[in-house]
Amino acid sequence: MKELKNVFLLTLKEKRDVTLAVFFGFLAGIAGVALLASSGYLISKAALTNQMTTLVVMAACLKLFGLVAALSRYAERLFSHRATFTMLSHLRTSFFEKLSPQAPAIFHKYRSGDLLARIVGDVESLQNFLLRILYPPVVLAIVFLSTIFFASFFSIAIAAVLMIGLLVTVVMVPAIFSWKRRKMDSAVRESRSALSTETAEFLYGFRDLKIHQQLSDREKELTSIAKRYSAEQKREGLEENFGQSLNGTVSLLVSWAVLGLGAYLVASGQLDGLYLAMLAMISLAVFENVAPMAVFPAHFENNRKAALRLDGITEKSTTEERRGELAAGPLGVSLNHVSFHYPGELRPAIDEASLYIAPGTKTAIVGPSGSGKSTLMQLLLGIIKADNGTVTFGNQSISDISQEELWASMNIVLQENHFFHGTIRSNLLIANEQATDEQMVEALKKVQLDSFALSMKVEEKGGNLSGGEKQRLAIARALLKGGSFWLLDEPVSSVDNMTARRIYQQLFDRGANDTFVLISHELAGLEKMDQIIVMEQGRIKEAGSYDKLMAQKGYFHGLKQIEKSILSS
Ligand SMILES: Nc1ncnc2c1ncn2[C@@H]1O[C@H](COP(=O)(O)OP(=O)(O)OP(=O)(O)O)[C@@H](O)[C@H]1O
């Protein structure tokens, strides 16, 4: 039950609506009982006596109870649904607030389809928390107890039968179904998540699957997952129907028992025959309210699992508050014996790395593919957290700095950069909403994209731009940002050498006093860097200026020789 504590607290934020929903739910239920009770009484009275005044009063009561029942049901629906939708909006907001600090590292752990299934499906499942879990048992209990109390004035035995009926339909049957559902795994939820995940993979990889003639195989796989999902839904539906039927049967049996017992009591002179029809009708009416309890176990278990899965994503995110402030001006950064393992990997991607990047200097990080350069970048960005060791900006540990503050001071260009459907202008404004057209045109010029008009259309994911154009547009975006710490992960790998050099020149001229950290496969042109850090298998092999590393005749020198021999052959 503790899994649902958070949803419960969010629902309680809507105390007023919840209380009104319970009140009107009770009123609708009790008015329904009163309606049938008075009609039973009316029928008996009409059959056994001829007091017109009583009949007229009872007929008026019938109308009144009918009206109250209908209006109260409307009010109950109104307040309960309003509370539910407000609670859902609180839930989405609080979930998103917990989730967003974990992005983009969260994709190391969850596939995007699975996340979508959780964000949409599981949050939606929780809309049933108030409507089907929290208040139906409360309303039902009050309606039932009031009815049993009323019936006890006429016959204690009939009140006891109603009480037994209550215990069976509200406690026993749901408890048995709850226990059964707990034993079943959450197959529907899991197959829904599998369907969503595989559909996302299918859509992302559609082109490649088509090229490799794997489309039909994947389609078959997807169809079988979809069928499994339908089958699980059907099984769940049947289970719910069975619960409802069982509860309905028990309710009718109880009504029969009331009638039979009532008839016996009338025959033995212990009950006035005038009340027999009324008590039988009461029993029929009160058990009508029991129907929601049949689906209670299904909804309870669904909600419990949904809350558990949502908590699973966000449990680590209730992180400590980060209060540290970054110093003004260009930043320096140091790593002290930092290690990092990707989850489930044996080999560390970063192994005991220590380095210092002074403020206002230019550092290149080089090394073979897979040596840990991008992982190091992610550590500097705070996207992933070191398992051991410390990352410090100025004199602040990265764990004390809020991600927003850190990123606000950085100009970041990654290997892959996202572009939104829109125009060049709208994509540039992401970096700086205040940027003027002149500044944007100037930035485009600096990355040799003078031919681009600001109004030029950009397709989804920059589909109409070449790889090199996308990289240059990303650099233009970074130029507009105005931070003083540059993190560039192979920013011009798809750009021709001549253009790449011009762009670097522009960047270094523009940020003469800024700190640059550049990841590169290219060993040419590193003479201008203040420091070169050479990585291999997650370790820092060497660090120093170009001249120092060449004079040292170590690893970097070796790489340069290999490069030279390849170029000359
Ligand atoms: N999300 C991940 N999960 C598990 N292992 C990963 C993940 N990302 C990278 N790795 C592993 O970590 C190691 C370092 O990868 P990283 O991307 O940092 O290398 P790199 O030097 O940037 O490579 P490249 O030059 O090819 O971009 C590699 O062995 C890689 O397989």
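These residue numbers are counts, starting from 1, taken along the chain as shown.
Positions of Cβ are set from backbone N, Cα and C atoms, glycine also.
Residues or ranges marked as transmembrane segment by TrEMBL: 20-43, 55-75, 129-150, 156-179, 245-267, 273-296. The feature domain 'ABC transmembrane type-1' is assigned by TrEMBL to 20-302. Annotation source TrEMBL lists domain 'ABC transporter' at 333-562.
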Given the transmembrane segment (156-179), its same-chain partners at Cβ distance under 8 Å and 6+ residues beyond its ends are 137, 140-141, 144, 147-149, 239, 243, 246-247, 250-251, 254, 257-258, 261-262, 265, 279, 282-283, 286-287, 290, 293-294, 296-298, 300-301
Note: vs the transmembrane segment (20-43), the recorded stretch with the largest number of Cβ pairs under 8 Å from 129-150, 245-267, 273-296 is 273-296
Query = Have the transmembrane segment (245-267) and the transmembrane segment (273-296) got at least three CB pairs under 8 Å, pairs 6 or more apart in sequence?
reply = yes
Lying 6 or more residues past either end of the transmembrane segment (129-150) yet within Cβ distance under 8 Å of it, the residues of that chain are 4, 7-8, 11, 18, 21-22, 25-26, 29-30, 33, 37, 80-81, 83-84, 87, 159, 162-163, 166, 170, 282, 286, 289-290, 292-293, 295-296, 299-300, 303
Averaged over the domain 'ABC transporter' (333-562), the pLDDT of the predicted model comes to 89
